[in-house]
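The transmembrane segment feature in TrEMBL is assigned to 12-32, 52-72, 84-104, 116-141, 153-176, 196-216. The domain 'Cytochrome b561' annotation in TrEMBL covers 13-216.
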Amino acid sequence: MATGLKALPFSFGAHFLALIAAIMVLVWSIHFRGGLAWEAENKNLIFNIHPVLMLIGFIILGGEAIISYKSFPLEKQVKKKIHLVLHAIALILGIIGICAAFKNHNESNIPNMYSLHSWIGIGVITLYGIQWIYGFVVFFYPGGSSEIRRNSLPWHVLLGMFIYIVAVGNACLGFLEKLTFLEVNGLAKYGSEAFLVNFTAIATVLYGVFVFLTILSQGPTADDDSYSAIA
């Protein structure tokens with residue numbers, strides 16, 4: 001399924017929304033929440049690494065990896081490498097972001113894995129890792145036969161779309177969970193920080209929408225190993 005529209009304007013929209021969302025999560029974590037630190041007496045600074053890396057590292061870079069085939073008029077092999085590397089960076093930063101949440105909980109005597117957000121998060125990062133490994137082995141090195149790649153591609157694309165949809169939804173669930181916790185502990189419900197968190201979640205959703213509009217549109221070139229296969 002394709003929109004028949006050019007992907008380039010949608011990709012520019014995605015890049016713009018990625019920038020806005022990244023700025024907002026950094027303002028929240030640094031200005032309102034006190035900054036970022038891996039080691040600190042204030043354990044909240046350790047937690048602040050989590051939303052920053054999960055949004056910028058996992059959601060945004062993951063989205064950029066998805067739209068890389070439709071964003072650049074480059075050769076297929078170059079786009080494949082960009083796609084692979086961006087997904088690898090997103091996966092690594094996502095794992096570090098999850099580790100930051102566990103570290104904060106462990107050092108603050110807070111139970112782990114008690115919320116729906118955490119359950120879905122572990123499932124998403126696990127599926128993301130499996131998806132990356134399968135893509136590397138089948139489409140990059142050592143590479144499957146042309147028949148295996150051809151038969152695998154639609155499922156690889158569909159699973160990737162599913163994982164990304166769930167990841168974006170879970171990011172919003174995380175924003176809601178954290179904001180609710182802060183409001184229970186005295187944060188003003190109509191204060192500037194609360195509005196910032198909500199608008200960051202909205203920007204995240206819109207970014208996800210533009211990612212999908214991009215991959216459902218016509219890229220600069222057609223190739224055998226891209227999201228154009230779902231058209």
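Even glycines carry a Cβ here, placed using N, Cα and C.
Automatic prediction, not curation, is the source of TrEMBL annotations.
Between the transmembrane segment (153-176) and the transmembrane segment (12-32), fewer than three CB pairs separated by 6 or more residues in sequence fall under 8 Å, so the two stretches do not touch. If one looks beyond the transmembrane segment (116-141) by at least 6 residues along the same chain, the residues whose Cβ comes under 8 Å of a Cβ in the stretch are 54, 58, 62, 80, 84, 87-88, 90-91, 94-95, 98, 101, 148-149, 152-153, 156, 159-160, 163, 166-167, 169-170, 173-174, 177, 225. Looking at which of 52-72, 84-104, 196-216 has the most CB pairs under 8 Å to the transmembrane segment (12-32), the answer is the stretch 196-216.
Same-chain residues lying 6+ beyond the ends of the transmembrane segment (52-72) with a Cβ under 8 Å from its Cβ atoms: 7-8, 11, 14-15, 18, 21-22, 25-26, 29, 36, 78-79, 82-84, 86-87, 89-94, 96-98, 100, 121, 125, 128, 160, 164, 167-168, 171, 174, 200, 204, 207-208, 211, 214-215, 217, 219-220, 223, 226-228.
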